[in-house]
């Protein structure tokens, strides 16, 4: 049987056609041997305990020491723990999807890497571009949150040494934070030393942080029972901002669960990624969600939500009850936690980037299961080897050159057909296509892939339509209900169709097999997509207005620079089944005459 190759160059098809073609080009999963495809492999030094330390250390920080005060005051009130629970549940669904992709594609890059492999270069670029903004803002927020906590160790606000204290630039309204800047440089230098050394430091810092949080939970519970939990005895009730406020709080605190994304980003440096990555992600997320909820339950019960300090909510809550000595313990833990989170924020390099990444990871799992890539890119420098292998299989299949050319032309007209036609289908004899019953398998499989692909697309559209209509109270009620019904119908239909049709057999051989498998597919990924999009919609118009500017810049950069400087610009796409043979013959120097 013969096989075809395809180049992703856009020459001759115009600017628009070239853009569309480059948007959907996908890269190959790195092999078990990182050097087989010319990729330098990083040192594999990390174990499960290292991953848990990275996950917990990267997660616990701003979410509990800063967001607690802000979200309680502005969104959730005493229902803060429920906001953390809902956000944690959404993160857990994403964690299942992350675990499968991380074990199958254990390379650095996380959501960007998975989107590049499963969806396409254009979407991957936007995901990576959004995560740059996410980690930059996250790192900045964490670094700036250290100053007020560090000031408490020196006696209170304004007591930091002059060279560390925040300074306002006259006339510009800009505040410079030298302490945050110095810390960023220190953490960057530590990360450059090596993953093993930085992980060891992060483990020590995380241990101190966990001890401080356990102190908050135990001492705070004692103090709460002693004082009568004044924060819960309010006339406004448990939901002062309503259920919508609690859900909006979930969208904000989702930022606090970005830690396990950092775990996935270290995949290339894990000793046994198929086993260790899922365990590291699961344990880290479980620990963090439990601690978040316990701390928030204690803190909002000690002080009324409207009286919480947005910068130092936990320390201020204990100080308000006369436990000044506890402030030093909590502040030490806060500083350690924020330092650890800063390391996690900078290791993978506003919640929009996180939620967008989590959504794309869930979509990638559906693509992996139902329509995995059937062709992979090969460097154009291997063209001679590709031609040699192609000629070899054409000779095996037999037949005249004329018929082969005719077959190749007829198949290549429909780019959606598999480049390699298997199951004994006479790819080189198009006149036999209708007579050979084995060809029915090929056509039905192609039809199944097409149905699955469109179903995944319409399911995402349905999830967005349903969540947008349900969240936007400004829409006229009749239009709102119609949109909800339409979106719900698309979502339910997508779930039924994907449940009824078979998953692609190629999923078993995609990437590194033998690792974690996401359960309850397609239900779990679809539910994950629905929740993440709902949280995205609830971030509000002001947030999206700012993020849209950044994303628009990313689109322009990609169209006029990124797509023309892609590593896949000159790649030649070949069937998945023969990629390994082509690389193997390149390595051994063999050719097929």
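Just so it is clear, glycine is given a Cβ too, placed from its N, Cα and C backbone atoms.
A TrEMBL annotation is a machine prediction, not a hand-curated record.
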Given ranges 20-45, 280-305, the stretch to which TrEMBL attaches the annotation transmembrane segment:
280-305
Looking at the candidate ranges 413-437, 513-537, report the one that TrEMBL labels transmembrane segment.
513-537
Transmembrane segment per TrEMBL sits at which of 134-156, 203-225?
203-225
When counting Cβ pairs under 8 Å to the transmembrane segment (543-561), the leader among 350-371, 451-471, 477-501:
350-371
Run the contact check on the transmembrane segment (451-471) against the transmembrane segment (48-68): 3 or more C-beta pairs under 8 Å, excluding pairs closer than 6 in sequence.
no
Against the transmembrane segment (477-501), which of these stretches has the most C-beta pairs under 8 Å: 48-68, 111-133, 237-260, 513-537?
513-537
Candidates 48-68, 111-133, 172-191; stretch with most C-beta pairs under 8 Å toward the transmembrane segment (280-305):
48-68
For a three-state summary based on DSSP, what are the helix, strand and coil counts in the domain 'Cationic amino acid transporter C-terminal' (516-566)?
38 helix, 0 strand, 13 coil
On average, what pLDDT score does this prediction assign to the domain 'Cationic amino acid transporter C-terminal' (516-566)?
88
What residues in the same chain, six or more past the boundaries of the transmembrane segment (237-260), come closer than 8 Å to it by Cβ-Cβ distance?
54-64, 67, 70-72, 74-80, 82-84, 86-88, 90-91, 95, 98, 134, 138, 280-281, 284-285, 288-289, 292, 305, 341, 344-345, 350-351, 354-355, 534-536, 538-540
Report, as numbers and ranges, which residues of the same chain sit near the transmembrane segment (513-537): CB under 8 Å and 6 or more residues beyond its ends.
87, 89-90, 93-94, 96-97, 99-100, 103-104, 247, 250-251, 254, 273-275, 277-278, 351-352, 355-356, 358-359, 362-363, 365-366, 369-370, 459-460, 463-464, 466-468, 470-472, 491, 494-495, 498-499, 503
